[in-house]
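According to TrEMBL:
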type	residues	note
DOMAIN	10-141	domain 'EamA'
TRANSMEM	12-29	transmembrane segment
TRANSMEM	41-59	transmembrane segment
TRANSMEM	71-91	transmembrane segment
TRANSMEM	97-118	transmembrane segment
TRANSMEM	125-145	transmembrane segment
DOMAIN	163-293	domain 'EamA'
TRANSMEM	165-183	transmembrane segment
TRANSMEM	195-213	transmembrane segment
TRANSMEM	225-242	transmembrane segment
TRANSMEM	254-273	transmembrane segment
TRANSMEM	279-297	transmembrane segment
Amino acid sequence: AKKKAACPGLGLFYTLVSAFLFSVASLFLKKIEDVHSVEISAFRCIFQMAFVLPGLIYYKTGFLGPKGKRIFLFLRGFLGSGAMILLYYAFQVMPLADATVITFSSPVFTSLLAWIFLKEKYSLWDLLFTLFTVTGVVLIARPPFLFGSKFTGIEGSYADHLKGTIAAVASAISAASTFVILRKMGKSVHYFLSIWYYAVIGLIECIIALFVIDEWSLPYCGTDRVLLILIGLIGLGGQIFLTKALQIEKAGPVAIMKTMDVVFAFILQIVFLHHLPTWWTVGGALCVVASSSGTVLRKWQQNS
């Protein structure tokens with residue numbers, strides 16, 4: 001019997017659905033006002049653990065992984081969950097589109113870290129893309145010594161905007177570090193085990209942080225509780241669709257299609273949050289998306 005041909009473009013459609021779900025989860029996070037971002041991250045980790053546990057039992061992977069890979073799994077979990085916590089904080093204190101755009105600088109940081117730690121090639125094109133990314137972040141952050149002291153299009157004070165920018169950049173660097181670690185591990189560790197470390201270590205990080213900052217409290221509003229559940233479920237759905245996309249489509253086109261996250265973030269911010277992005281944000285978004293897409297296309301071309 002002939003093997004049934006795969007539906008053309010199905011992987012890209014899955015990526016589009018994933019981008020939309022992640023953007024909706026970010027919008028719901030913005031709607032929660034009385035719960036700290038670290039606590040929201042803790043609930044997300046609990047949902048991931050509940051989802052991954054049956055998979056670990058079914059595939060008989062164990063809970064610790066191969067001895068030689070445990071340090072990499074720990075670093076992947078620590079940095080990956082740290083990236084999530086920082087990103088959630090950035091979403092809460094700065095405009096949705098601004099934080100989303102900055103996180104898309106992670107492919108550029110991945111190339112730089114892979115050059116440092118994995119001895120991969122780093123060309124003049126990669127350096128140019130890095131400079132474009134830094135330019136985009138500066139346009140979004142708008143430091144006073146370059147842009148003056150009058151600010152428009154930010155949420156709250158400039159101090160919070162700057163903290164959110166720093167958190168988003170740190171999140172992008174942490175996410176890039178996890179990509180390098182996953183590349184170092186290769187396919188020797190099951191995907192479910194990687195997510196398990198991400199969720200468990202992330203939950204431990206969140207609990208420690210919540211005790212330190214003394215912010216642990218159950219949401220008072222029933223709406224916030226519903227949104228917390230939806231963030232966990234929708235975020236999980238986004239991960240599933242992205243994983244399925246990478247299973248049937250090449251990484252390059254998936255990474256390019258994933259830039260739709262930025263488009264959805266702009267649309268949702270305008271429609272539901274009634275916050276028009278400034279031209280500085282649009283310019284920064286063009287710089288970051290162009291440099292990230294260029295980085296992905298070059299790596300894809302070299303691998304092909």
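Don't overthink the numbers, they just go from 1 along the chain as shown.
Each residue, glycine too, has its Cβ placed from N, Cα and C.
Of the candidate ranges 12-29, 71-91, 97-118, 71-91 has the most C-beta pairs within less than 8 angstroms of the transmembrane segment (195-213). Secondary structure of the domain 'EamA' (10-141), assigned with DSSP and counted as helix (H, G, I), strand (E, B) and coil, comes to 110 helix, 0 strand, 22 coil. Within its own chain, the transmembrane segment (41-59) has Cβ neighbours under 8 Å at 81, 84-85, 88, 190, 192-193, 195-196, 198-200, 202-203, 206-207, 210, 228, 231-233, 235-236, counting only residues six or more beyond its boundaries.
Remote same-chain residues near the transmembrane segment (71-91) are listed as 26, 29-30, 37-38, 40-41, 44-45, 65, 99, 102-103, 163-165, 167-168, 170-172, 174-175, 177-178, 181-182, 184-185, 189, 193-194, 197-203, 205-206, 209 (criterion: CB distance under 8 Å, separation of at least six residues from the stretch ends). Remote same-chain partners of the transmembrane segment (279-297), defined as residues 6 or more beyond its termini with a Cβ less than 8 Å from a stretch Cβ, comprise 95, 97-98, 101-102, 104-108, 110-111, 125-126, 128-130, 132-133, 135-140, 142, 147, 153, 251-252, 255-256, 259, 262, 266. Away from its own ends, the transmembrane segment (125-145) comes close to residues 98, 101-102, 105, 108-109, 111-112, 115, 151, 158, 161-162, 165, 169, 280-281, 283-288, 290-292, 294-295, 298 of its chain (Cβ-Cβ under 8 Å, at least six residues beyond either end). Distant neighbours of the transmembrane segment (254-273): 11-12, 15-16, 18-20, 22-24, 26-27, 30, 95-97, 100-101, 104, 107, 242, 245-246, 285, 289, 292-293, 296-297, 300; these residues of the same chain sit at least 6 beyond its ends, with a Cβ under 8 Å from one of its Cβ atoms.
Among residues of the same chain six or more beyond the transmembrane segment (225-242), those with a C-beta under 8 A of the stretch's C-beta atoms are 14-15, 17-19, 21-22, 24-25, 28-29, 31-32, 35, 40, 43-44, 46-48, 51, 195, 218-219, 254, 258.
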